[in-house]
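What TrEMBL says about this protein:
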DOMAIN    11-165  domain 'Histone acetyl transferase HAT1 N-terminal'
SITE      Trp183  site 'Interaction with histone H4 N-terminus'
BINDING   Phe232, Leu233, Ile234  acetyl-CoA binding site
ACT_SITE  Glu267  active site, proton donor/acceptor
REGION    425-445  region 'Disordered'
COMPBIAS  425-434  compositional bias 'Acidic residues'
Amino acid sequence: MADSDEWTIPNASGAITISLIPPSSFPASKSAESFHPTYTHQFFENEAIYGYKNLAVNLKFRQDDMSPSLKVTYDEKLSAPGGSNGGDEVTIDEVEDVFKEYLPEGTPESLAVAPSTFTPPGTIIHTYPSTSTSSTFEIYHTNLSNPTAQAIIKNSQLLVPLFIEAGSAIDLSDPEEYLRDRWDVFFLYEHLSNDQFSFVGYCTVHKYWYFTLNHMDEKEFPHQYRARVSQFLILAPYQGNQHGKTLYEIIVDEYLSSDRVKEIVVEDPSDRFEKLRDLCDYQRLKKQSLINDEAVETLLERKKSREWIDTERAKAKMPMRQFQRIIELMLLEHILITKGPKYDEQLERYMTYVKDRLYRHNKDILMQLEREERSEKLHETYERVHSDYEAYLATLGSVAVQTKKASKGKRVIAGKRPAGFISTVEEDEEEEELLPPTKKTKVTK
């Protein structure tokens, strides 16, 4: 029986090389780019590959339409399972078959680099200049019934689970009408100096009909939908240059201008994308000057806050929890900056305001605790949220944390909840699910 360690590549990512290859017609300045995937856990258990010696997986993509090639080489490969994994035989990873499941049928071993005649599909909705070259960047909007768009997605979506932790491929076998009506695609391309196009990234958006309780008695379908960001990918060589931020902002602007879109949500966002989303949402709402002295008093007065929240959230087309989090951030920033005569009182009321949301969001878990422990858990969570907000404001360079004044208000809530502590604002984000309670109950933010 073969020794499993001898035939195991412990770091699957290191054995996989992804290369972006320019067609022969691209400018000489546009060279090949190579890098390794971030995640391989969806393909290989424990992100390790078993059954090979000196394995090399080469995935290549044309830089225009992302046509792929796949070549797998190795010095030796086991012919039968072997080794030991707790007494069980270790199955050989059929690397080539694993990747071919995600690639177009007939994907070759070598990549053709013939001159490019490619033009991105869809309508240009935004352009912006490169900060380092004479090229420009262009964002195109189309849907998945477009044959060219569908081909690009089919070519490139293997990269989604390799670079997005919970990323998954789209089923492109659905009827054309479904792909047209339910899937939007936004492509980001670099428009090179000689009128060639280099793929930068893309985003797919799944559209769901937006139902409310009022629709239950109606015979007709609703005419508005929820736009859910599904796949969002910027290729590694282009990361760190604000391209993802620009793409997200333009997508949001596109849906904000559409009467048919009721809400813009994100499907299972990663921590990294959550930070991008928070920044973009914060900056967008900040430009609108939503939070002023009058808004502060309205929000901190629980009986008045619901109408304000409902009205402004509808305009922003944001899920309830995301909107409330950004408003809480801006509310804290405003209180810290203005430091009015009611500063200490406002901080105390702000604490109650945030705890109100946290309590509703975690009510099922909290109600299983004793009153004193419930108060402690809620306050611990508030303290984390407050610290996170201050840290985030610091990363933004906000003067709020630079000129922060320590509050003289009480920092610990009493064991008994004050009357009217729970507001009537409803949670409305379908993305949210509470985890079942454990012995060490954790209250989420």
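Every residue, even glycine, has its Cβ placed from backbone N, Cα and C.
Unlike curated entries, TrEMBL annotations are predicted automatically.
On the structure: features taken from TrEMBL.
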| residue | record | contacts (Cβ under 8 Å, 6+ apart) |
| --- | --- | --- |
| Trp183 | site 'Interaction with histone H4 N-terminus' | Asn143, Leu144, Ile170, Thr204, Val205, His206, Lys207 |
| Phe232 | acetyl-CoA binding site | Ile164, Gly201, Cys203, Gly244, Leu247, Tyr248, Phe273 |
| Leu233 | acetyl-CoA binding site | Ser156, Leu159, Val160, Phe163, Ile164, Gly167, Gly201, Tyr202, Cys203 |
| Ile234 | acetyl-CoA binding site | Leu188, Val200, Gly201, His243, Gly244, Leu247 |
Where does the residue listed as 'active site, proton donor/acceptor' sit by DSSP, helix, strand or coil?
coil
Inside 8 A of the center formed by the CB atoms of Phe232, Leu233, Ile234, which other residues of the chain have their CB, for the recorded acetyl-CoA site?
Phe163, Ile164, Gly201, Tyr202, Cys203, Gln231, Leu235, Gly244, Leu247
Please report the DSSP secondary structure of Phe232 (acetyl-CoA binding site), reduced to three states.
strand
Report, as a single number, how many Cβ atoms besides its own are within 10 Å of the Cβ of the residue listed as 'active site, proton donor/acceptor'.
16
According to DSSP, collapsed to three classes, what secondary structure does Trp183 (site 'Interaction with histone H4 N-terminus') have?
strand
